[in-house]
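Novice: In case it's useful when we look at the structure, here is the feature table from TrEMBL:
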type	residues	note
BINDING	Thr70, Asp91, Asp117, Ala118	S-adenosyl-L-methionine binding site
Amino acid sequence: MSDTTHFGYQTVAEEEKVHKVAEVFHSVAQKYDVMNDLMSGGLHRIWKTFTIAQAGVRPGFKVLDIAGGTGDLAKAFARQAGSTGEVWLTDINESMLRVGRDRLLNKGLAIPTLLCDAEKLPFPGNYFDRVSVAFGLRNMTHKDAALKEMQRVLKPGGKLLVLEFSKVWEPLQKPYDTYSFSVLPWLGKRIANDAESYRYLAESIRMHPDQETLKRMMQEAGLDRVQYHNLTAGVAALHTGIKF
Ligand SMILES: C[S@@+](CC[C@H](N)C(=O)[O-])C[C@H]1O[C@@H](n2cnc3c(N)ncnc32)[C@H](O)[C@@H]1O
(Lines of atoms letter the chains of each structure in order from A; the text may use other names.)
(Lines give C-alpha, C1' and ligand atoms only; values in the text may rest on other atoms or scores of the structure.)
Protein backbone atom coordinates (compact mmCIF):
# COMPACT_ATOMS: atom_id res chain seq x y z
CA MET A 1 0.00 0.00 0.00
CA SER A 2 1.31 3.47 -0.82
CA ASP A 3 2.04 6.02 1.89
CA THR A 4 -0.50 8.69 2.68
CA THR A 5 -0.15 12.41 3.22
CA HIS A 6 -2.31 15.52 3.50
CA PHE A 7 -3.92 17.45 0.72
CA GLY A 8 -5.45 20.28 2.74
CA TYR A 9 -7.65 18.47 5.31
CA GLN A 10 -7.95 15.29 3.23
CA THR A 11 -5.74 12.26 3.73
CA VAL A 12 -4.66 11.01 0.30
CA ALA A 13 -2.08 8.69 -1.24
CA GLU A 14 1.21 10.49 -1.88
CA GLU A 15 0.91 10.18 -5.68
CA GLU A 16 -2.62 11.57 -5.51
CA LYS A 17 -1.39 14.66 -3.68
CA VAL A 18 1.10 15.39 -6.45
CA HIS A 19 -1.71 15.22 -9.04
CA LYS A 20 -4.09 17.30 -6.97
CA VAL A 21 -1.50 20.02 -6.36
CA ALA A 22 -0.73 20.03 -10.09
CA GLU A 23 -4.46 20.47 -10.87
CA VAL A 24 -4.69 23.41 -8.46
CA PHE A 25 -1.83 25.29 -10.13
CA HIS A 26 -2.84 24.42 -13.71
CA SER A 27 -6.26 25.81 -12.85
CA VAL A 28 -5.14 29.05 -11.19
CA ALA A 29 -2.02 29.92 -13.27
CA GLN A 30 -3.63 32.55 -15.51
CA LYS A 31 -5.31 34.37 -12.62
CA TYR A 32 -2.59 33.69 -10.05
CA ASP A 33 -1.11 37.19 -9.88
CA VAL A 34 -4.38 39.09 -9.74
CA MET A 35 -5.70 36.67 -7.08
CA ASN A 36 -2.55 37.18 -4.98
CA ASP A 37 -3.08 40.93 -4.95
CA LEU A 38 -6.78 40.63 -4.17
CA MET A 39 -6.49 37.98 -1.47
CA SER A 40 -3.65 39.62 0.42
CA GLY A 41 -4.61 43.22 -0.28
CA GLY A 42 -1.17 43.58 -1.85
CA LEU A 43 0.60 42.33 1.32
CA HIS A 44 2.38 39.53 -0.54
CA ARG A 45 4.39 42.22 -2.32
CA ILE A 46 5.65 43.59 1.02
CA TRP A 47 6.53 40.07 2.23
CA LYS A 48 8.44 39.42 -0.99
CA THR A 49 10.20 42.79 -0.81
CA PHE A 50 11.38 41.86 2.70
CA THR A 51 12.55 38.46 1.44
CA ILE A 52 14.47 40.08 -1.43
CA ALA A 53 16.15 42.47 1.02
CA GLN A 54 17.13 39.61 3.35
CA ALA A 55 18.55 37.66 0.39
CA GLY A 56 21.09 40.41 -0.30
CA VAL A 57 21.81 39.19 -3.81
CA ARG A 58 24.87 40.88 -5.34
CA PRO A 59 26.18 41.08 -8.91
CA GLY A 60 27.58 37.72 -10.02
CA PHE A 61 25.54 35.63 -7.55
CA LYS A 62 24.10 32.25 -8.54
CA VAL A 63 20.50 32.05 -7.34
CA LEU A 64 17.91 29.28 -7.51
CA ASP A 65 14.24 30.17 -7.08
CA ILE A 66 12.30 26.98 -6.36
CA ALA A 67 8.52 26.74 -6.91
CA GLY A 68 9.05 30.14 -8.49
CA GLY A 69 5.71 30.20 -10.32
CA THR A 70 5.04 33.53 -11.96
CA GLY A 71 8.51 34.78 -11.10
CA ASP A 72 8.22 37.62 -8.57
CA LEU A 73 11.41 36.69 -6.70
CA ALA A 74 13.39 35.53 -9.75
CA LYS A 75 12.66 38.85 -11.47
CA ALA A 76 14.15 40.87 -8.62
CA PHE A 77 17.10 38.50 -8.17
CA ALA A 78 17.91 38.57 -11.90
CA ARG A 79 18.13 42.36 -11.82
CA GLN A 80 20.38 42.30 -8.75
CA ALA A 81 22.66 39.48 -9.96
CA GLY A 82 23.12 41.23 -13.31
CA SER A 83 24.77 39.89 -16.44
CA THR A 84 27.56 38.18 -14.51
CA GLY A 85 25.09 36.32 -12.29
CA GLU A 86 22.98 33.24 -12.90
CA VAL A 87 19.36 33.15 -11.73
CA TRP A 88 17.12 30.15 -12.34
CA LEU A 89 13.32 30.20 -12.27
CA THR A 90 12.11 26.67 -11.54
CA ASP A 91 8.76 25.04 -10.79
CA ILE A 92 7.15 21.62 -11.04
CA ASN A 93 4.12 23.05 -12.86
CA GLU A 94 4.30 23.87 -16.56
CA SER A 95 1.36 26.30 -16.55
CA MET A 96 2.82 28.38 -13.72
CA LEU A 97 6.30 28.31 -15.21
CA ARG A 98 5.04 29.39 -18.63
CA VAL A 99 3.26 32.41 -17.14
CA GLY A 100 6.44 33.26 -15.20
CA ARG A 101 8.76 32.88 -18.17
CA ASP A 102 6.52 35.05 -20.41
CA ARG A 103 6.19 37.67 -17.71
CA LEU A 104 9.96 37.94 -17.30
CA LEU A 105 10.51 38.02 -21.07
CA ASN A 106 8.03 40.91 -21.28
CA LYS A 107 10.22 42.75 -18.76
CA GLY A 108 13.29 42.09 -20.92
CA LEU A 109 14.66 39.36 -18.64
CA ALA A 110 15.66 36.14 -20.40
CA ILE A 111 16.70 33.83 -17.58
CA PRO A 112 16.87 30.03 -17.56
CA THR A 113 13.57 28.42 -16.58
CA LEU A 114 13.36 24.76 -15.68
CA LEU A 115 10.55 22.35 -14.91
CA CYS A 116 11.71 20.37 -11.87
CA ASP A 117 10.63 18.84 -8.60
CA ALA A 118 12.12 20.47 -5.49
CA GLU A 119 12.47 17.02 -3.98
CA LYS A 120 14.94 15.97 -6.73
CA LEU A 121 16.82 19.03 -7.88
CA PRO A 122 18.79 18.55 -11.11
CA PHE A 123 21.69 20.74 -9.97
CA PRO A 124 25.14 19.88 -8.62
CA GLY A 125 25.91 20.24 -4.93
CA ASN A 126 27.57 23.38 -3.51
CA TYR A 127 26.53 25.50 -6.49
CA PHE A 128 24.22 28.36 -5.46
CA ASP A 129 24.85 31.45 -3.32
CA ARG A 130 21.14 31.76 -2.56
CA VAL A 131 18.18 29.39 -2.76
CA SER A 132 14.64 30.69 -2.28
CA VAL A 133 11.21 29.15 -2.06
CA ALA A 134 8.14 31.36 -1.62
CA PHE A 135 4.76 29.83 -0.80
CA GLY A 136 5.90 26.56 -2.34
CA LEU A 137 7.09 24.32 0.51
CA ARG A 138 3.52 23.94 1.82
CA ASN A 139 2.56 22.10 -1.35
CA MET A 140 5.42 19.61 -1.30
CA THR A 141 4.82 16.01 -0.27
CA HIS A 142 8.18 15.33 1.39
CA LYS A 143 9.15 18.68 2.86
CA ASP A 144 12.15 17.16 4.66
CA ALA A 145 13.52 15.76 1.38
CA ALA A 146 12.98 19.10 -0.38
CA LEU A 147 14.78 21.01 2.39
CA LYS A 148 17.71 18.59 2.21
CA GLU A 149 17.92 19.15 -1.54
CA MET A 150 17.93 22.92 -1.02
CA GLN A 151 20.74 22.54 1.52
CA ARG A 152 22.68 20.25 -0.85
CA VAL A 153 22.74 22.68 -3.79
CA LEU A 154 23.79 25.66 -1.64
CA LYS A 155 27.47 26.61 -1.49
CA PRO A 156 29.05 26.63 1.98
CA GLY A 157 28.16 30.08 3.32
CA GLY A 158 25.10 30.22 1.07
CA LYS A 159 21.68 31.17 2.37
CA LEU A 160 18.28 29.49 2.11
CA LEU A 161 15.16 31.67 2.31
CA VAL A 162 11.77 30.05 2.92
CA LEU A 163 8.80 32.41 2.72
CA GLU A 164 5.57 30.66 3.66
CA PHE A 165 2.22 31.13 5.34
CA SER A 166 2.55 30.39 9.02
CA LYS A 167 0.75 30.41 12.34
CA VAL A 168 -1.05 33.67 12.93
CA TRP A 169 -0.98 35.46 16.29
CA GLU A 170 -3.62 33.80 18.52
CA PRO A 171 -5.99 36.82 19.00
CA LEU A 172 -6.30 37.14 15.23
CA GLN A 173 -7.05 33.45 14.68
CA LYS A 174 -10.86 33.72 14.55
CA PRO A 175 -11.20 36.62 12.09
CA TYR A 176 -8.40 35.10 10.02
CA ASP A 177 -10.29 31.76 9.86
CA THR A 178 -13.50 33.51 8.85
CA TYR A 179 -11.66 35.38 6.13
CA SER A 180 -9.83 32.27 4.90
CA PHE A 181 -12.77 29.90 4.75
CA SER A 182 -15.42 32.35 3.52
CA VAL A 183 -13.81 35.16 1.56
CA LEU A 184 -11.00 33.21 -0.16
CA PRO A 185 -13.20 30.52 -1.80
CA TRP A 186 -15.73 33.23 -2.74
CA LEU A 187 -13.01 35.35 -4.40
CA GLY A 188 -11.63 32.21 -6.07
CA LYS A 189 -15.06 31.46 -7.52
CA ARG A 190 -15.62 35.02 -8.73
CA ILE A 191 -12.19 35.71 -10.20
CA ALA A 192 -10.68 32.34 -11.15
CA ASN A 193 -13.93 30.35 -11.40
CA ASP A 194 -12.40 27.93 -8.91
CA ALA A 195 -13.53 27.93 -5.27
CA GLU A 196 -11.97 24.54 -4.52
CA SER A 197 -8.36 25.59 -5.15
CA TYR A 198 -8.75 28.47 -2.74
CA ARG A 199 -10.36 26.22 -0.13
CA TYR A 200 -7.26 24.03 -0.51
CA LEU A 201 -5.13 27.15 0.03
CA ALA A 202 -6.87 27.87 3.36
CA GLU A 203 -6.64 24.25 4.50
CA SER A 204 -3.03 23.75 3.43
CA ILE A 205 -2.02 26.82 5.45
CA ARG A 206 -3.58 25.24 8.58
CA MET A 207 -1.75 21.95 7.95
CA HIS A 208 1.66 23.56 7.38
CA PRO A 209 4.28 23.36 10.18
CA ASP A 210 4.29 26.40 12.46
CA GLN A 211 7.29 28.72 12.86
CA GLU A 212 9.20 26.67 15.46
CA THR A 213 8.52 23.34 13.73
CA LEU A 214 9.78 24.62 10.39
CA LYS A 215 12.85 26.05 12.12
CA ARG A 216 13.62 22.58 13.53
CA MET A 217 13.04 20.97 10.13
CA MET A 218 15.55 23.35 8.54
CA GLN A 219 18.09 22.56 11.26
CA GLU A 220 17.50 18.83 10.69
CA ALA A 221 18.13 19.40 6.97
CA GLY A 222 21.60 20.63 7.91
CA LEU A 223 21.11 24.40 7.96
CA ASP A 224 22.72 26.59 10.56
CA ARG A 225 21.83 29.91 12.19
CA VAL A 226 18.17 29.26 11.35
CA GLN A 227 15.93 32.15 12.30
CA TYR A 228 12.53 33.47 11.32
CA HIS A 229 10.74 36.79 11.04
CA ASN A 230 6.99 36.90 11.49
CA LEU A 231 5.27 39.00 8.86
CA THR A 232 1.83 40.59 9.43
CA ALA A 233 1.38 38.92 12.84
CA GLY A 234 2.50 35.53 11.58
CA VAL A 235 0.17 35.32 8.59
CA ALA A 236 3.46 34.63 6.81
CA ALA A 237 6.98 34.00 8.07
CA LEU A 238 10.37 34.21 6.46
CA HIS A 239 12.78 31.51 7.64
CA THR A 240 16.45 31.79 6.75
CA GLY A 241 19.35 29.44 7.29
CA ILE A 242 23.00 29.22 6.29
CA LYS A 243 24.91 26.21 5.03
CA PHE A 244 28.26 25.76 6.74
C1 LIG B 1 1.59 29.46 -4.38
S2 LIG B 1 2.68 29.16 -5.73
C3 LIG B 1 4.05 30.22 -5.38
C4 LIG B 1 4.63 30.88 -6.60
C5 LIG B 1 5.69 31.95 -6.32
N6 LIG B 1 6.83 31.40 -5.63
C7 LIG B 1 5.12 33.09 -5.53
O8 LIG B 1 5.53 33.28 -4.39
O9 LIG B 1 4.26 33.80 -6.06
C10 LIG B 1 3.30 27.57 -5.31
C11 LIG B 1 4.12 26.93 -6.39
O12 LIG B 1 4.73 25.73 -5.86
C13 LIG B 1 4.90 24.85 -6.95
N14 LIG B 1 5.22 23.51 -6.44
C15 LIG B 1 4.41 22.67 -5.76
N16 LIG B 1 5.06 21.52 -5.48
C17 LIG B 1 6.31 21.64 -6.00
C18 LIG B 1 7.45 20.78 -6.03
N19 LIG B 1 7.43 19.56 -5.47
N20 LIG B 1 8.56 21.23 -6.65
C21 LIG B 1 8.60 22.46 -7.21
N22 LIG B 1 7.55 23.31 -7.21
C23 LIG B 1 6.41 22.91 -6.61
C24 LIG B 1 3.56 24.97 -7.67
O25 LIG B 1 3.59 24.43 -8.95
C26 LIG B 1 3.31 26.46 -7.62
O27 LIG B 1 3.77 27.12 -8.76
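Keep in mind that glycine also has a Cβ here, set from the backbone N, Cα and C atoms.
What you are looking at is a predicted structure, and each value in this text was computed from that prediction instead of being measured.
Can you tell me where each of these features sits in the structure?
Specialist: Asp91 (S-adenosyl-L-methionine binding site) falls within a strand segment according to DSSP. Residue environment of Asp91 (S-adenosyl-L-methionine binding site) contains 29 other Cβ atoms, counted within 10 Å of its Cβ in all protein chains.
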Novice: Given that the record lists Thr70, Asp91, Asp117, Ala118 as binding S-adenosyl-L-methionine, what is the largest C-alpha to C-alpha distance among them, in Å?
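Specialist: Of all Cα pairs among the recorded S-adenosyl-L-methionine binders, the widest measures 16 Å.
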Novice: If I restrict to non-local contacts, at least six residues apart, and a C-beta distance under 8 angstroms, what lies near Ala118 (S-adenosyl-L-methionine binding site) in its own chain?
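Specialist: The list for Ala118 (S-adenosyl-L-methionine binding site) reads Ile66, Ala67, Thr90, Ile92, Val133, Gly136, Leu137, Met140, Ala146, Glu149, Met150, given in order along the sequence.
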